[in-house]
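Report on the following structure.
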Amino acid sequence: MTMIETRGLTKEYGDVTAVTEVDLTVDRGDIHGFVGHNGAGKTTTMQMLTGLVTPTRGEAYIGGEPAGTRAATKKIGYAPQDPAFYESMTGRDYLTYMGELSAVDGSTRERADELLTRLNLTDAADQAVEGYSGGMLRRLAVGQAMLGDPELLILDEPTAALDPEGRAMIIDALESLTDEGTTIFVSSHVLTELEQFIDTVTFLKEGQVVTSGPLTEVLSDTGIERFVVDASDNDRAARLLATHESVDEVDRNDDGAVVVRTDDPEGFAVALPQALSDATLGLYSVDREGGLEERFLDILDDGGED
Amino acid sequence: MFLAIYRKTLGDLSEPKAILTYLLVFVSVLWFLLIGFGNNEIPDAVAKLPLAEQELELLTAYVPLTWLWGVGIGLLVAGALFVALTLATEADRGTLDLLLSKPVRRWEVLLAIFLANVTFLFAVAVASLLLVAVFLYQMGGFSTAALGGGVFAVLPATLVYALFVSAFVNAVGMAASVATRNRLQTAALTAVVPALFFVLFVARLVPGSIYEDYSLYMIDVSYHLGNVYALLLGTLGDPLPVELQAQLGFWAGVYEVPQGQDALGESLELVGYVDPVVSLALCVCLTLGLLAVALVQFQRLDV
């Protein structure tokens with residue numbers, strides 16, 4: 001069942017088009033990564049989903065409800081990229097107030113306390129927010145998004161400015177939410193971290209979707225995998241591998257090792273030892289590269305979908 | 001949700017530093033005005049006059065002071081400053097996007113903030129009215145009994161007028177907040193109301209015919225509000241004594257004031273640039289119109 005669906009979603013600010021014809025589908029219960037450079041249109045898209053920004057054209061639906069309607073907003077918890085707070089309020093009062101606006105079932109105070117505990121903010125609960133560190137504020141922002149037990153969490157860079165412990169805490173909280181069936185739509189610049197917990201991913205470049213789909217499919221798309229091979233004779237190994245059927249391109253890195261780009265990483269990984277052995281070459285090491293970070297660089301820096 | 005936003009806004013407005021600053025300025029100006037009134041208007045040993053005369057003296061001092069400062073320029077300036085602390089500050093600081101990402105209706109947010117602003121400014125107005133009465137009573141040397149006819153008799157009309165002024169200035173402030181989403185610009189735009197009040201009040205007192213030739217009375221906030229106040233005083237209280245009409249004629253330009261006190265007669269004619277009911281309708285339409293514009297714009301606002 002679909003949680004987010006957009007069709008031709010476009011936002012123009014005068015002559016500037018921030019988001020162009022974005023078509024997205026995110027299934028219920030998925031953790032969906034939203035990846036792109038700064039200014040790619042991620043935040044604008046998220047704001048259109050939450051109803052904070054009205055699309056110039058196109059449609060967006062949240063759990064079947066048109067985005068921006070109260071029925072849709074009720075399903076959403078949103079933490080913006082640079083959240084602003086009522087600085088003179090304490091953390092507990094802030095969450096209680098936001099809870100009153102989030103249609104929390106039962107006591108907002110209890111729910112606020114529960115989230116303060118979950119996000120390790122209990123000690124600072126009665127401290128004014130203006131005294132919070134950047135990491136504490138980020139956790140508080142995620143906490144306010146979780147208040148109304150939303151079906152969909154939209155998180156814009158939720159782990160930015162967090163130390164490793166804070167990141168782990170947020171990721172744990174998010175993973176436990178997906179166990180409860182919550183859909184999470186998250187953008188982050190820490191891609192190595194993102195790929196650890198997302199199910200599906202969309203790459204956005206200059207306001208347009210470049211590629212979108214399950215993480216495993218996107219990562220195994222043509223040309224994204226690199227193998228760095230160190231053999232007993234790297235010159236011969238490079239010539240040999242250049243002729244291999246699954247290899248697209250062979251190069252050498254600064255250390256002299258052979259860098260192979262392949263459109264069939266699984267096939268290459270299986271065939272490599274045998275191919276080198278048949279040529280009486282020793283295989284010292286092989287490193288497989290091609291995570292989200294590399295995919296991000298391939299797609300967004302090298303000029304679009306391959 | 002409506003009540004949560006209403007309570008939160010009242011909390012934001014109850015900023016001790018802002019209230020104390022306002023109180024200090026208010027009392028200082030009031031003191032200055034009272035010295036002028038005390039010297040020029042209130043007779044010495046007023047307490048020895050018959051009660052009816054004391055009441056009239058108190059009334060003819062209290063109403064102009066109230067109109068000019070208590071719920072006049074003082075309240076309008078306070079309204080401009082305090083309204084900028086709410087919606088415009090939320091937008092300016094960026095807290096509005098989190099607020100609007102919650103399942104609240106935008107009109108509820110705007111209306112809750114508007115009503116909290118009106119409530120707060122009305123409370124400020126009530127405090128101001130009491131301060132004017134207390135200071136006048138103390139500095140004028142009136143007997144306690146004179147408060148009945150000199151202050152309490154006009155209190156219902158004055159409270160309604162204060163509520164009306166609070167709603168009017170806050171409607172301007174809400175429209176400015178939505179249009180600018182900036183604290184300083186909101187305060188500056190809303191301060192146009194007291195500025196027009198003061199500038200055109202002065203322009204009316206300057207000899208010459210510019211005021212009438214250019215129909216400046218049409219945008220004269222002091223004249224329209226004076227018309228509304230006189231209408232409310234006449235409707236919700238006893239008929240206005242001619243001495244009070246003369247004061248409203250001088251200060252608000254509502255009544256024709258003949259030269260010389262002897263020629264006052266039993267009642268004064270309205271100046272009649274605009275009928276008081278039309279002034280009231282104009283102000284009500286402006287208040288509702290600005291509020292409607294703010295609501296529509298807020299509904300469409302990209303945060």
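Keep in mind that glycine also has a Cβ here, set from the backbone N, Cα and C atoms.
Just so you know, TrEMBL annotations never went through curation; they're auto-generated.
According to TrEMBL, the transmembrane segment annotation covers B:20-38, B:67-88, B:109-137, B:149-172, B:184-206, B:277-298.
Two recorded stretches are said to be in contact when at least 3 C-beta pairs lie under 8 angstroms, sequence spacing 6 or more; the transmembrane segment (B:184-206) and the transmembrane segment (B:67-88) meet this definition. Counted as Cβ pairs under 8 Å, contacts with the transmembrane segment (B:149-172) are highest for B:109-137 among B:20-38, B:67-88, B:109-137, B:277-298. Residues 61, 64-65, 68-70, 74, 78, 81, 124, 128, 131-132, 135-136, 139-140 of the same chain lie 6 or more positions beyond the ends of the transmembrane segment (B:20-38) yet place their CB under 8 Å from a CB of it.
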